Structures are given as structure tokens and as C-alpha cells.
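J.: Structure below; questions to follow.
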Amino acid sequence: MKQIINPLKGNNNKVPIWFMRQAGRYLPEYKKVRETTKNFLDFCYDVSKATEVTLQPIKRYGFDAAIIFSDILVLPHALGWEVDFKENIGPILKQFKSQEDFKYLQINPNYKLEKVYEIIKKVKKELPSPISLIGFAGSPWTVMSYMLEGKGKQDFKTSKKFIYENKILAEELLNFITEKTADHLINQAKSGADVLKLFDSWSGVLAEEEFTEFVIEPTKKIILKVKEVFPKTPIIAFPKGAGLLYEKFIKEVPIDVLAVDQMVPLEKMKEWSDKVIVQGNLDPVVLLTNKEIIKEKTYKILQVMKGKNFIFNLGHGILPETPTENVEFLTEYVRLYEEKNSNSTF
């Protein structure tokens with residue numbers, strides 16, 4: 001049985017473990033491969049190299065899932081939108097400002113997305129059979145925010161002002177991205193992805209009304225469309241920073257797994273795990289500390305979530321400066337907890 005899917009099958013004795021950004025800059029073997037290609041998007045579309053770095057953390061740590069090496073912005077890029085990655089700056093995009101800008105978006109994605117699907121097929125062939133393969137996409141609001149802001153990690157005034165002042169146009173853009181995101185996830189499942197994930201990194205900047213319109217509704221549409229084709233493929237949703245709106249999200253979105261950030265109280269995770277599988281939520285900064293702190297913080301999570309529908313992960317991605325030995329220690333500690341804590345104290 002696929003290890004990451006165990007909780008979905010009612011097997012909650014084993015705690016599946018994988019990490020967001022588990023293939024990335026903290027790994028020396030990743031850096032070595034990454035240095036061979038200057039342009040980040042070219043690297044994402046390189047079948048051989050993306051396959052190699054997807055498998056690196058599996059070979060090193062033996063996680064229960066591999067997540068395909070890609071980026072949430074490959075979708076708008078493949079749809080013709082201008083996207084670039086600047087070193088030490090991050091993504092830079094053409095800004096979407098008016099109805100006229102739809103002319104830069106293609107109805108059908110170009111060949112670039114086919115590269116992503118080739119990578120999934122290649123990884124699938126090389127991945128040990130018990131390990132799940134996760135495909136993913138950015139959620140519509142987050143992708144739309146990048147397009148409206150022209151860059152990432154802003155205060156989102158531009159995006160929010162746009163959706164307040166341009167309701168019809170904002171809805172049109174949202175619907176376009178929603179449709180293409182669903183298609184992208186379906187194609188990933190067709191290519192061999194066992195599990196799918198939606199990353200909504202900027203959902204936490206919205207008030208309740210806009211959260212419902214731009215996060216909950218498009219996520220529901222995507223999941224329902226994917227499930228029409230792949231009813232048994234588990235879907236993880238991560239509305240990062242949703243706070244109190246996580247509960248509204250759980251009630252209204254038919255997800256299999258809810259990923260949560262480190263700000264969510266453990267007792268809430270425990271409560272929610274009666275309704276949905278919960279994934280999270282160790283603070284990534286804990287991995288920058290020492291073994292005693294890692295052990296202490298991890299133990300608290302494992303104890304609260306003991307016997308619950310739970311996947312161990314971080315509250316966000318692994319930080320680039322994370323020591324590899326700390327990731328190894330954490331992974332081994334979770335495994336040891338599983339072994340020793342079935343019927344005894346630990």
C-alpha cells in the first residue's frame with residue numbers, strides 16, 4: 001500500500017512523513033545539479049534533472065512520498081504569461097492590469113507542461129512502489145496574486161484593490177485559472193501522480209467574503225472536476241494562513257487532506273482530524289535549531305496526534321539554510337516514535 005495514503009485507508013498506526021520543499025537548496029546534491037542550469041524555469045522543464053532532484057530526498061531520507069520538482073508558476077508560464085525568476089529576488093511577472101491582458105494568455109498550454117508530465121512518468125518508473133508520488137499546482141488565488149502583483153511576497157494591496165474594483169474581470173481571470181489548474185492536475189494524475197496537492201500560499205491575506213469567493217469556491221470547483229475523472233485520487237489542500245477560516249474551509253471544501261501551517265493549535269488539528277486527514281505542522285525554523293528542541297517540538301505534535309488521521313510535515317517548506325543532519329534526525333525520530341509507541345510510553 002502506498003505509505004502516504006495509509007491514513008486514507010483507515011491505517012493510522014503508521015505516521016506518514018514527507019516535507020514541503022524536501023527537494024531543494026538545503027541539499028548539497030540538489031545544489032550540484034541546479035548549478036548546471038542558469039534559468040530556473042528551464043531547470044523545472046528539464047526531464048532528466050527534475051527527475052533526479054525529485055528522487056534525491058527519497059534516496060537520502062526514505063520519505064513516504066516524493067513531490068514532483070516543479071513550481072506553481074509553470075502553469076501561467078505555459079499559458080503564455082511572462083514569468084521569470086531573478087536570482088536573490090524571486091519570480092518577476094508581467095502584471096495583469098486590464099481586459100486587454102487576456103490576449104497574452106493562451107486557451108491551450110504550450111509544450112512546456114508536457115515536460116512536467118514526462119517528469120512524473122519518469123519519476124514514477126524509478127520510485128520504489130510503496131512510496132507515493134505527489135503532483136501539485138498553485139491554487140487560483142495565489143497564482144492570480146502573482147499575476148496581479150507582478151512579483152511575490154508583497155503586502156497584496158495591488159491584488160486586493162484589483163478584486164474590489166474589478167469584480168467582473170477578477171472573476172473572469174479567476175475562472176480561467178481555475179479551469180486550467182484542474183486540467184493541469186488531471187493530467188498529472190493521468191501521468192502517474194498518486195496524490196495531488198493545491199498550494200494556496202497567500203490565502204491568509206483575504207477577509208472572509210473574499211476568502212469564500214477566491215479560495216473556497218475555486219478549490220471546490222477544481223476538486224469536483226478532478227474527482228469526476230479520478231474519484232480515488234487523494235487531494236491535499238493547503239490554504240496557508242487561513243486562521244479561523246480553516247474551519248469554514250473544512251466544512252465547505254470536499255478535501256481528503258488539510259495541510260495546516262504552524263500557527264494552528266495542536267488541539268484544533270486533533271479536532272479536525274475527526275473530519276479530515278490533517279497534515280502538518282512543525283515550524284520550519286525548528287529545523288534550524290538543535291536535536292533537543294527538534295525532539296521536544298516533534299514529540300508534542302506526535303503525542304497530540306497519536307492514533308489520529310495524520311501526516312507529519314512542516315507548517316511550510318524546508319528553509320534553504322536547514323542542516324541536512326537535522327532533517328535526518330527528525331525523520332528517524334518520527335520512525336522511532338512509531339516503533340516504540342504502539343502500546344507503550346516513549
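Cβ coordinates come from backbone N, Cα and C, glycine included.
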J.: For the substrate site that Swiss-Prot lists with Arg21, Gln22, Ala23, Gly24, Arg25, Phe40, Asp71, Tyr146, His316, give the additional residue from the candidates Ser191, Ser201.
T.: Ser201
J.: Near Ser201 (substrate binding site), how many other Cβ atoms are within 10 Å of its Cβ?
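T.: I count 23 other Cβ atoms within 10 Å of it.
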J.: Could you check the binding-site residues Arg21, Ala23, Arg25, Asp71 and say which one's CB has the fewest neighbouring CB atoms inside 10 Å?
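T.: Checked Arg21, Ala23, Arg25, Asp71; of these binding-site residues, fewest Cβ neighbours within 10 Å: Arg25.
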